[in-house]
Amino acid sequence: MFSRVKGFRDIFGDEIPYWQKVEMSFHKVFKRYDYAEFKLPVLEKVEVFQRGIGDTTDIVEKEMFVFDDKGGDRLALRPEGTASIVRGYIENKLYTGNTISKYYYYGPMFRRERPQKGRFRQFYQVGIEAFGSSAPSLDAEVIKTMQDIFDECGILDIVSLNINSIGCPKCRPLYKEKLISYLTDKKDQLCNDCLNRLNRNPLRVLDCKIDTCKSATRNAPKMVDHLCDECSTHFEKTKQFLTFFNIKFNIDPFMVRGLDYYVKTAFEFVTDRLGASSAVGGGGRYDGLIKTLGGPDIPGIGYAIGVDRLVTLMMEKGTPLERPKKVFVVFFEETLKEGFEIIELLRKNDIPTSFDYEFGNFKNQFKKADRSSADWVIIIGTTEKEQGIVQLKDMKTGDQFEVKKEEIIKKLTS
């Protein structure tokens, strides 16, 4: 017998309705904000992520699934969506026209990281990207779309929004110098990874989840205290627009996100119900990424939501779901025509309908109806055929009554 690969999983059964709820929710929200869907390839050339995400990130250094194909290309299963969609935006020249472009994507991502609660090596993300504006009002609106998704999914009351500004290439160098100076005095508290990051990419140290590193950075200099005038003004206006959108937020001065392309606004929705890794979704502004990947100098902002984690939250909270009533139709050789007419009628009205393919006796068909978890059973015997009615049985209460055929849909949907 074969078993699934470590860190990968099968999704089925009672979990599926929650996934479907998430999918319906984000399609609904993105339509509301005029985002167009963008379907991405699963494979990209490794360079897309090396240049896009950053050579010194954990994703590129440790977590990507990489292989050489027969044509000599070094390929990677996509670990995230932003670099891929930026590559597609540039390659397909979608930047022509001088307008703001807004896209969303959904699908599996792959990272070779340690599996834990709500995290897997194949995981699903839904995300958005907005290109063409550096306005803080766009930052706030992007964050609002994520809040709306959580609201639609019924978990808004158990997540909270953290925001920060991580500066820009103009103000970040001075901050990095001060951070390196501070962390150098704390080297004995840093893990090996953070010691390697110290001079190459010190902001990554602030993102470390190791307790000793978190303790070492507790009193570190804050980027928000070292912003240039442009970044400071942008951050203040972003907070103002969040208030206009009635979005509550906390300022987390040490939140930097795990990817190198972020500038200015960074944000996360977090929860205390998912163990050590608390983020359900997050993102930020990346005004230089399109240029870095070979396109024009166009600003952008986006985010990704971990759908596996969102579903876990919904299930733990017990988010109520609307489930359509299921029907099992019991009929016999003598009433085949009438039975299939009813089945077709029900299905055309989007009512989940099953029947016994073997047309067994009455007792056997009812056993199958019970095992199918049907809410209602419709019975069509010769008597019902002659009178133009059906017997309708409520499987929960046991009540049974006669219904005219033309009134079946009204009865089942009322």
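The first residue you see is number 1, and the count goes up from there.
In case you wondered, yes, glycine gets a Cβ from its N, Cα and C as well.
Copied over from TrEMBL, here are the features:
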DOMAIN    1-324  domain 'Aminoacyl-transfer RNA synthetases class-II family profile'
BINDING   Glu80, Gly81, Thr82, Arg111, Gln125, Glu129, Arg257, Tyr261, Tyr262  L-histidine binding site
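Averaged across the domain 'Aminoacyl-transfer RNA synthetases class-II family profile' (1-324), the predicted model reaches a pLDDT of 93. With a cut-off of 8 Å between CB atoms and residues at least 6 apart in sequence, the same chain places Gly52, Gly127, Glu129, Leu259, Tyr261, Gly283, Tyr286, Leu289, Gly302, Ala304 near Thr82 (L-histidine binding site), listed in sequence order. Binding of L-histidine is attributed in the record to Glu80, Gly81, Thr82, Arg111, Gln125, Glu129, Arg257, Tyr261, Tyr262, and the widest Cα separation among these residues amounts to 21 Å. Around the Cβ of Gln125 (L-histidine binding site), the number of neighbouring Cβ atoms within 10 Å comes to 22.
Its Cβ placed at the centre, Arg257 (L-histidine binding site) has 21 other Cβ atoms within 10 Å. Following the DSSP three-state reduction, the secondary structure of Thr82 (L-histidine binding site) is helix.
Of all Cβ atoms in the shown protein chains, 20 besides its own fall within 10 Å of the Cβ of Glu80 (L-histidine binding site).
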